[in-house]
Amino acid sequence: MKKEKAVVVFSGGQDSTTCLLWALQNFEEVETVTFHYNQRHQEEIDVAKSIAEKLGVKNHLLDMSLLNQLAPNALTRDDIEIEAKDGELPTTFVPGRNLVFLSFASILAYQIGARHIITGVCETDFSGYPDCRDEFVKSCNVTVNLAMEKPFVIHTPLMWLNKAETWKLADELGALDFVKNNTLTCYNGIIADGCGECPACLLRNKGYDEYMKMKGERN
């Protein structure tokens, strides 16, 4: 464990919760930052606060409602259907979201004396989001370091993992059931197993089933 401080970009979903648990095993001090951008469901904010409290971690909640004004999308507007047309980005894409989140997480890290920033973005289960790519995160890391003259390190523990491998990591961290039962991934705001029908639930549940099958074959 590094005797250093880290900030986790935290939504209360499967990926960011797994990253938080990873951070707690790798850094002496860990805090989380959650962004309120008028998400479709208030439950996301409530779940993030609840998980942080259960794990004994300080949670910073930042108002980013400007994103909703600049980039109307299916994550913030009930009247926009969740869909992904061929050759187009999904309607759940929020332009610049991770750019903004990592920038503000870096500002927070600067203020609280943290060097490490952890985000759960992943390129393997790539949904067409350009700001989930490894090259984007590395570029952003260089930019925030230059902007603040600090040697920040942005970590992406899930970057090359598919959903089954992300469940495997949660299991290796001793928190498979915790992640399964306490996180919110569902676009319809249903905790744990979710609605089972939206794209996020389908991806999450497919990964869980694949991992449990692999785990059963090994045992």
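In case you wondered, yes, glycine gets a Cβ from its N, Cα and C as well.
Among C140, C186, the residue that Swiss-Prot places alongside C195, C198, C201 at the Zn(2+) binding site is C186.
Note: the Cα of F10 (ATP binding site) and the Cα of C195 (Zn(2+) binding site) are spaced 22 Å from each other.
Residues near L20 (ATP binding site) in space but far in sequence (CB under 8 A, at least 6 apart, same chain), listed by position: V8, F10, V30, T32, I51, A52, L55, V57, I118. If you measure from the Cα atom of S16 (ATP binding site) to that of C186 (Zn(2+) binding site), you get 14 Å. Annotation for Q14 (ATP binding site): spatial neighbours T166, A170, V179, T183, T185, R204, criterion Cβ-Cβ under 8 Å with sequence separation of six or more. Rounded to a whole number, the C-alpha distance linking C201 (Zn(2+) binding site) with G12 (ATP binding site) is 14 angstrom.
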